[in-house]
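What TrEMBL records for this protein:
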- 47-69: transmembrane segment (TRANSMEM)
- 75-96: transmembrane segment (TRANSMEM)
- 117-140: transmembrane segment (TRANSMEM)
- 172-189: transmembrane segment (TRANSMEM)
- 204-224: transmembrane segment (TRANSMEM)
- 244-263: transmembrane segment (TRANSMEM)
- 283-306: transmembrane segment (TRANSMEM)
- 311-332: transmembrane segment (TRANSMEM)
- 338-356: transmembrane segment (TRANSMEM)
- 370-394: region 'Disordered' (REGION)
Amino acid sequence: MAGDQELQVIVQQGKEPNLTVQDERDSVSSSQTEVSHSDKYKRWLRVTIYTFLVISGQTVATILGRLYYDNGGNSKWLATVVQLVGFPVLFPYYLFSLKTHETTPRDGKRTSPRNRVLVYVVLGLLVGADSYLYSIGLLYLPVSTYSLICASQLAFNAFFSYFLNSQKLTPIILNSLFLLTISSVLLAFNNEESTATKVTKGEYVKGFICTVAASAGYGLALSLQQLAFLKVLKRQTFSEVMDVIIYVSLVASCVSMVGLFASSEWKTLSKEMENYKLGKVSYIMNLVWTAITWQVFSIGGTGLIFELSSLFSNAISVLGLPVVPILAVIIFHDTMNGLKVISMILAIWGFASYVYQQYLDENNLKKSHGITTTESPDLPEAEESFGNQNKLKS
């Protein structure tokens, strides 16, 4: 009897540790699930904020650029400068981010200064040239045609991302790209007659070619930027994103300033401000807020590249293009017609398709991690059983 009681005690003592280990495993698994859900929500919150910054910054900046040209502004290089020179407003936020965000490299190695400078210079030269070409396009083209051609940057970005970033073009993504492009194509059928009398045929062709070239360059710049994050800079931190924005903007601003003085357009700026239809104060405020809103767009676009991909960043940028004609109805008193309504519907549909693809990718990734986590706890148990069998045999 006493032997049976001792045997029961031994058996109970042998079971208690197993229950404790199982409880610990359940606790760790639940805590990991909570952290995973929390990280996912935080990530999509950041994506939402970046999306808002891209659409609002691009829309307001484009409207201000049109106001500048429509009220007497004519300097293409000045329009380029204000797209880039506003980056110093980011310094306070940049310094604050250094204290609040992790800055440890992913692989423990820091990029050499020479490679880092090379990335900034190449991207800065490309962004500076694109900005100047966009300024020419906005000067000579109506907003609807300008939006149409800018939508082609999504196709260029998909092309470059396929080769540089190994971007997978799924049927859903292709559907999204098609819808977003068509939504901007429809805008080409608006305001053509009202604008044709303001520019010559040669100027119209010049604006068309420059905007196509700028769209191709912008798609290439986004793909190169994503490639730089993964292969050269090797850091996925917010401070690294801010570094790219500031230093690339610095190089591009220097390029635009050189162009402004080399072209002698700076000599006509005082007269341009005197003859500005809305007054000197409005002239200055237009330039200042254009500079600020383009930096807001830069933060959002670079943040989306950091969180998702350059193709998604460009898709959001194209989504915001149809918003410009809608606001033009309110600001410039343009007429609203069925084409603009259909364009907005197609843009939202295309955007939703791309977000749905991101949702599917997220679920597939979560399922793959789920298989790993469910199989891995069984391995220690199997090893423990195999070890106990060896003990019994010995």
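Glycine is no exception: its Cβ is also placed from the backbone N, Cα and C atoms.
Only pairs six or more apart in sequence are counted, and the transmembrane segment (117-140) with the transmembrane segment (338-356) gives fewer than three Cβ pairs under 8 Å, not enough to call it a contact. Among residues of the same chain six or more beyond the transmembrane segment (47-69), those with a C-beta under 8 A of the stretch's C-beta atoms are 79, 83, 135, 138-139, 143, 278, 286-287, 289-290, 293-301, 303-304, 307-308, 313, 316-317, 319-321, 323-324, 327-328, 331-332. Counting Cβ pairs under 8 Å to the transmembrane segment (75-96), the stretch among 204-224, 244-263, 283-306 with the most such contacts is 244-263. Remote same-chain residues near the transmembrane segment (283-306) are listed as 46-47, 49-58, 60-61, 64-65, 67-68, 73, 78, 82-87, 89-90, 222, 225-226, 229, 236, 238, 241, 244-245, 249, 272-273, 276, 312-313, 316-317 (criterion: CB distance under 8 Å, separation of at least six residues from the stretch ends).
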